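Asker: Dumping the structure here so I can ask a few things about it.
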Amino acid sequence: MINMTETKQLKLILIGDVNVGKTSILHRLIFSKFTEEYKSTIGADFLSKTFYQNDIITHIQLWDTAGQEKYWCLTSAFWRTSDAVILVFDISNESSFRNLNFWYKQFKSKSINPDGTEKQLPILLLANKSDSLTRAVDQSEINQWCTDHKVNLYYEVSAKSSINIKESILKLVEVIIEQDKDSDNEQFNDSPDEETSSITLLGTSKKHDNTNPNKPSTSSPSSCFNCK
């Protein structure tokens, strides 16, 4: 009997202030390494990674974008082909948290379907540098921001210490796939009264990427809280 494995292609976009660690997060996920050397991203670039989980092969494009407004050049057409957005801030830098409102408005204004309706992208919020001795943002403020902006996925991560990097991305991929299934079921049943299930994420875990049960392959370079 032939085992048919499903294949998914996903495009994820990282946005946030300069120097919050977007590039470091990608390098930790893709190459399992961290460097102290800082180089600002200009425009946008991407890295690719393939994961296998739950009998699904998922090819992911992770887009690293500039954290400076003058380099913000992502068009509506770019966002139409996106499957999710990853908002990143530095938990030791309060201004990077305050500026989440700017980045949220930016991608919301660009995420427009061809028919003019707003594209409802899943959002993952990452508080990077969770291993920092200085915490500048109170947890209650983060929870309130998540509630105000209807963000259900939030992780505290560290690219330097490899905390929750892989776990957070895999959870986002899981949510995207589940939403796709729900959408397909709604279209198949064609029932306006059908109830859709909500996903509740609870708990914090600080596992390191070296515990790798899925053995994901790299293709080409180019503390979860329930926010209610």
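Note that the numbers count up from 1, one per residue, in the order the chain is shown.
The backbone N, Cα and C atoms fix where each Cβ goes, and this holds for glycine too.
Since the structure is predicted, the reported quantities are computational estimates derived from the model, not experimental observations.
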Asker: Would you mind telling me which of 38-46, 155-163, 173-181 Swiss-Prot tags as motif 'Effector region'?
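Answerer: Checked against Swiss-Prot: motif 'Effector region' maps to 38-46.
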Asker: So if I draw a 10 Å sphere around the Cβ of SER130 (GTP binding site), how many other Cβ atoms end up inside it?
Answerer: 22
Asker: Tally every other Cβ atom lying within 10 Å of the Cβ atom of LYS22 (GTP binding site).
Answerer: 27
Asker: Three states by DSSP: which one describes GLY16 (GTP binding site)?
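Answerer: SS state of GLY16 (GTP binding site) = strand.
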Asker: Please report the DSSP secondary structure of SER130 (GTP binding site), reduced to three states.
Answerer: coil
